[in-house]
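What follows is one structure encoded as structure tokens, with my remarks underneath.
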Amino acid sequence: MDRPVGAALRRRVSGARLARALRRARTAGPAALAERFALPLLAAVTALLLALLFYYPIATVFVDAVVEGDRVTFGPLAEVLTDEFYLVRVLGFTAYQALLSTALSVALGLPGAWVLARFEFRGRETLRSVTMVPFVVPSVLVAAAFYATFGANGTLNAGLSALGLPELDLLPSLGAILVAHAFYNAPLVTRVVAAAWESVDAGAVETARSLGASPRRAFRDVVVPQLLPAVLTGATLTFVFTFATFAIPLALGGSQYATIEVFIYAARRQLEYGRAASLAVLETGVSLSLMAVYLRYERAQAAERRDTRGLIRRSLWPESWTRERALRRLAIAGYAVVVALVFVAPLASMIYASVSVDGRLTLDAYRFLLERQATGADFQVKPFPAIVNSLLFGAATLALALPLGVAMGVLTTRRFRGRWLVDALSMAPLAVSGIVVGLGLLRGLVFGVEAFGYRFTVTGAVAIVAAHAVGAYPFVVRTVAPPLDRLDRALVESARALGASRARTVLDVELPLVWPGIVAGAAFAFAISIGEFDATVILAEGGGTDTMPVAVERFIGRRLGPATAMGTVLLAVTAASFVVIERVGGEFRG
Amino acid sequence: MTDANGRSRRRFLRAVGAAGVAGLAGCSAEPVAEETTSEPTDAGGTAEPTAGTTTGEPTESMADTLVVATYPPFVNAPSTSPGAWLKEEFESEFDATLVYQTPDSELNYYIERAVQGVDFEADVYVGLDTGQLIDVDSQRGEGQFTGPLFAEAGDIAGGDAIKDGLRFDPQSRAVPFDTGYVSLVWNATMDGGEFAAPETFEDLTAAEFGDDLIAQNPTTSTTGEAFMLHTIDAFGTNGYLDYWERLQDNGITVLGNWSDSYSAYLNEEAPMIVSYSTDQVFASTEGQDLDKHQIRFLNDQGYANPEGMARFADSDAPRLARRFMEFMLRPEIQAGIAQRNVAFPAIADAPLPEDYAQYAKEPPESVTFTYDELEANLGTWTDQWARRFAGG
């Protein structure tokens, strides 16, 4: 029996009613009591955690936008909002490049989802795991790798001139920004859409076909509507991420292409907190509105779906060739070339940079890492502790973000009024940039809160985990909510009818059914934790809390070797971690 | 499935349990001290004068730990950095422990803490420039600090050896310990070995140098700011924006920070970059081709960026901090810092090795703005630049 929790939440719990409910519950036993209050309790705990770890810290930053010298004046905010330069030029350009970046990411990500979801080949699972890798590559390395690949003297031009083709000068340019954004976000689109594609009901397609629809028509009328929400999820997230982008335009676009985040960073650096906060409010406002609009759309789209049987994957190498099959394989081959150029070439260039100086091969960079590990002073960043820290923070992020995300997923799949608002607020961490989150946590938690004559503070490490978990849990929500939504209520009800307790049903029926979503969410949470830089660096005080991306940044100097070597280690450690996460998740699938 | 489920439940509980313990261990609550005003009976514990710099000395016992705050590359560069060597030298002579703090947001880290009224441990800051000092003072001007962040250096031994023109703090809190010159670095192997950098700012905008220069954004980078200030010195506050427009028309590339732009330069994106005139020091020790690391002083000038050190006003170890500053100014230490930090010493008679001068180039004439000029204008100049340039 699944209680209509929406109704429970909507109901105003007056004292008398509460007493009545308690009385009723007591006569029914403690299990029923727990069941009745489990969800509201879950909601309360989740809300409290979010308020503590996110909303309070962020509020401390945003206060700067409206308070001047202890008086609420809205002065700094008004100043930015009435400035045509910020409102038109900066905001306009930021939105423009985010739109183009989103289009490119979707265009590049969709074929990947098609290949992953519809074809069977060796290494498919592994390929799926490594789609998370771009997420963790520090932007400094992406910049260096893009210059090494697409720059005037890069690999691409070397290849072109070897073929006798004219050389291209691609950097810096708006195009470079867009391709780098696609590098980060197309895998996200691929992953989200592939997951949706895999859960398309084969029965529905077969029904359409048996009713006389052509394959094309069946695809358009049955498959596409089921993919659309996932495509829009990917597109919305990409837009929000590229709207709040900072390091990539700064490194690859040159300063003509400065985004709003670049201005936030510069204002913060010049200690113009009022301006930084006002711009952050503007940025967050746009991202959050977009997210809210999208979530309303998604809710309108969501239809009750039953347990489904997935489409059968075709072999990548067909047993017999037809013209159409050959054309499709040709298209996949063409796509593979593009993928190699956009994803593999920059990563390969980075790895090559770690083993070469001026064109000759050397392991000096790795020797530097070993030396730094062996003889580095306490106050210097060493590779091994950075790896350990990254893994620990990643694990702690999982421990916090998974329950938080699953709880929020459960809550947001119930029907109640104003759900889209709860949804939007719970997704808000994605709309706030790492710099603002880091600054908020620094001022809100690390500096501490004064109450009852005490100053409550948390250490940098805890604040870092909080920042990572807050940034990561919306991904868990996004991957867990759809399967939860689609869960067959009949299964739950049968389990209860056969005498299983509510908790037992959750553990034995519901959890296994949504497990693939939880695993995907875990991979996202881990990737975000491993790759996070902005908030980490604000919160890490060099007190033994440096992570791998921080180490990469510290190892940059007048040569790229040490940083790229550390970057290669980062790639290796994370790629291995994702494969482990997916394998661990695999035990639930079969 | 049940078995696997059970295993995962235990794993889940373990993970949650561990996070709970870590959470508890990472939080603390301490009684809030009485609001500290200028009263000498503050909660700091160690009795020390708040304003005077030298008067407290006879009664104060020598503290045994000195916390030195600095920017990360000072202790942590992948090549050479003076941090470890300085710590060793200092500790071998003084009966004290030197501890480094290297927050990534550099001096802003301490300014933010001071503004929020949160204690910090650092005694000395090493590596601040005029712009940062102005940041400190502009915050205090708004009355958010209860006192000045830095104390006056006072009369420190070796201070009179500092070269003329390097002292940048009118209130004598910051003491210069080294200086760098921002200049062009260029690659003579480009254009088939034909490339040669222009001699003047004017020539830089000539068509033949189109797309040839990489610079940095003044709002996010120190070298970028120095180069912009150099153009203001050359063209005046009314002319520099027009000059930048000409640079932009000529295809200048402005990237976010020094490391992004230097990696673009190393990838031979362009034959010239705004960088430091000590560029060859590192290239030579690495055995790199010096033709790729030529130095050009436009208009025979380099923009001087002296680095200073200053003692935090509420340091628990003011006497040790002063000893440290004096130690930093000693000729042999000055030579050591210069070589390891790849910069010029702040004093004239530092015993540098002969080949150092061969690789570290000093401009015929150095240009720099004073504290007062920058305090009045720096914010406006950078904002104007950002608006004009980013609008393009």
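For all residues, glycine too, the Cβ spot is worked out from N, Cα and C.
Automatic prediction, not curation, is the source of TrEMBL annotations.
If you look up TrEMBL, you'll see A:91-294, A:387-581 marked as domain 'ABC transmembrane type-1'. Annotation source TrEMBL lists transmembrane segment at A:37-58, A:95-117, A:129-150, A:170-189, A:227-253, A:273-295, A:330-353, A:391-412, A:424-446, A:452-476, A:513-540, A:560-581.
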- Task: Answer yes if the transmembrane segment (A:170-189) and the transmembrane segment (A:95-117) have at least three CB pairs under 8 Å among residue pairs 6 or more apart in sequence, and no otherwise.
- Result: yes
- Query: Can you find at least 3 Cβ pairs under 8 Å between the transmembrane segment (A:227-253) and the transmembrane segment (A:95-117), where each pair is 6 or more residues apart in sequence?
  - Reply: yes
- Message: Six or more residues beyond either end and a Cβ under 8 Å away: which residues meet both conditions relative to the transmembrane segment (A:95-117)?
- Response: 124, 127-128, 131, 174, 177-179, 181-182, 185-194, 197-198, 231, 234-235, 238-239, 242-243, 245, 249, 257, 259, 286, 311, 313, 331-332, 335, 338-339, 342
- For the transmembrane segment (A:129-150), the distant same-chain contacts (Cβ-Cβ under 8 Å, at least six residues beyond its ends) come to 112, 116, 156, 168, 170-171, 176, 179-180, 183-184, 187-188, 190-191, 247-248, 251-252, 343, 345-347, 349-350, 352-353, 523-524, 527-528, 530-531, 533, 549, 552-553, 556, 560, 563-564, 567, 570-571, 574-575, 578-579, 581-582
